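Trainee: Take a look at this one; I'll ask things after.
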Amino acid sequence: MEEKKIKDQIDQTEKAAIDEVLIPTEEPQRQYYFIEKARRDLAELSAKAGRPLTFCVTTFGCQMNARDSEKLVGILEQVGYVEEPEEEKADFVIYNTCTVRENANQRVYGRLGQLGRAKKKNPYMMIGLCGCMMQEPHVVEKLKKSYRFVDLIFGTHNIYKFAELLATRLESERMVIDIWKDTDKIVEDLPVERKYSFKSGVNIMFGCNNFCSYCIVPYVRGRERSRDPKAIIREIERLVEDGVVEVMLLGQNVNSYGKTLEEPMTFARLLKEIEKIDGLERIRFMTSHPKDLSDELIEVMGNSKKICKHLHLPVQSGSSRILQKMNRRYTKEQYLTLVDKIRTAVPDISLTTDIIVGFPGETEEDFQETLDVVRKVRYDSAFTFIYSKRSGTPAAVMEDQVPEEVVKDRFNRLLKEVQDISAEVCAVHEGTVQTALVECRNDHDERLMTGRLSNNLLVHFPGDESLIGKLVEVSLDECHGFYYMGKMV
Ligand code: SAH
Ligand code: SF4
Ligand code: F3S
């Protein structure tokens, strides 16, 4: 069959025949081949349009998705597309979607309707959809039925094939759909275009094996796979050569890094290796699951000069009963003991968290336990979420779903508690001098620059753009709840 296909191609034009015969089977070479191919097709289209064609990638969801979008942008730029920040003006719009909560999905459908209308006016326009939502079969069915104007649909497991899928779409008029159920493959060394010159996310692992009972991520991101430590170190070394001073190591559960490798390795050891990279100034990571946070890691954090003084440690609920139903595999007491241990080893660490309100069966007493944890830990900040039912997860079919008004009331009470505490906690650093990595010009006042402290808080201070990407000493003069006003010293 394969031979016949190749022979048929040879019988066509010679150029097409050579293309087909030479398609590499190994990655990433195969994708570089398709980048070239798409480049030729796009150049023809641009010539016809009489202008360069543009793209806009819109990212929903977490940092993992943000990093994936940088990979899409890397390929689009190599293919010859030019970035257009305004979605409505772009010739190729890609939504990198999230499905962790239902409202994320609704936003995508709403905006897709608007894009469909824009497409009618622009003959060169293409629409691509990828990311976690696409891994849900009912979503793809709905798109095939009611959103026929979408050009390209792919999932989270085959994002590395983006160049190939794009080349396929450029050569045909049909909707291209390619979704994989799961994968054990990790493709290294594809192009990527960073949003910031001085900092970068770095995937250290993909997928999740935890199956928290409310969460859809394990179903849409697949099984846990760790990247080879050598590939991670090599990537960071190259980033540093290219001007990066801060990396954010990314994984759904970084504390279980390395367990699935042929030569198992711990996250703490990986951090020690990364710390040795000359020129790298700051290391961040997310997310840490409390059940896997080891003493070894706490020790490494305590001794490190580069690991930032910030730990995001999602608690989800303060009730041990609810935590068990959530399949989090720790109790309220274990969580609080862990926090104490971390604070002893790294006294000035900033702690942040994620909390879900209204998990099925949550009573007022359970909710009081959550407030109790918030008061005891005194988080620097917390992301609070209303429980969202995700079909296919165990929690979706649990009894006692909590009525909406009750959840909203609890949510508001929680938010107030979290905000009051975080304003107090933030004020603790007022009057100190700290190192900030200068990230950008301030949005509201162009005389000011914005820098990020080791503890992840922002400080605004007078300065100019030449400071971007530099580490500077800033006095934190006034605390404004969630940020500081200061000056360079
Ligand atoms: N891997 C990370 C979290 C990824 S999702 C971890 O385990 O901490 C980010 C956050 O979204 C979660 O921490 C949780 O608080 C929230 N979340 C996940 N599923 C949710 C759901 N069904 N409803 C409401 N919030 C949810
Ligand atoms: Fe979801 Fe739990 Fe995995 Fe985090 S650890 S991604 S909350 S299943
Ligand atoms: Fe959303 Fe997928 Fe991240 S569901 S939170 S984008 S892993």
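Glycine too: its Cβ is placed from the backbone N, Cα and C atoms.
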Trainee: According to TrEMBL, Cys62, Cys132 bind [4Fe-4S] cluster 1; which one of Cys56, Cys98 is listed for that same site?
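Mentor: Site partner of Cys62, Cys132 for [4Fe-4S] cluster 1, according to TrEMBL: Cys98.
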Trainee: Can you tell me which of the binding-site residues Cys208, Cys212, Cys215 is spatially closest to Cys98 ([4Fe-4S] cluster 1 binding site)? Compare CA atoms only.
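Mentor: Closest by Cα distance to Cys98 ([4Fe-4S] cluster 1 binding site) among the binding-site residues Cys208, Cys212, Cys215: Cys215.
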Trainee: Take the C-alpha atoms of Cys215 ([4Fe-4S] cluster 2 binding site) and Cys62 ([4Fe-4S] cluster 1 binding site) and report the distance between them in angstrom, rounded.
Mentor: 14
Trainee: List the helix, strand and coil residue totals of the domain 'TRAM' (427-489) as derived from DSSP.
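Mentor: Tallied per class, the domain 'TRAM' (427-489) gives 4 helix, 35 strand, 24 coil.
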Trainee: Which binding-site residues among Cys62, Cys98, Cys132, Cys208, Cys212, Cys215 have CB under 6 Å of ligand 2?
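Mentor: By the Cβ criterion, which requires under 6 Å to ligand 2, the hits are Cys208, Cys212, Cys215.
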Trainee: Average the pLDDT scores across the domain 'Radical SAM core' (194-424) and report the rounded value.
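Mentor: Across the domain 'Radical SAM core' (194-424), the average pLDDT comes out at 97.
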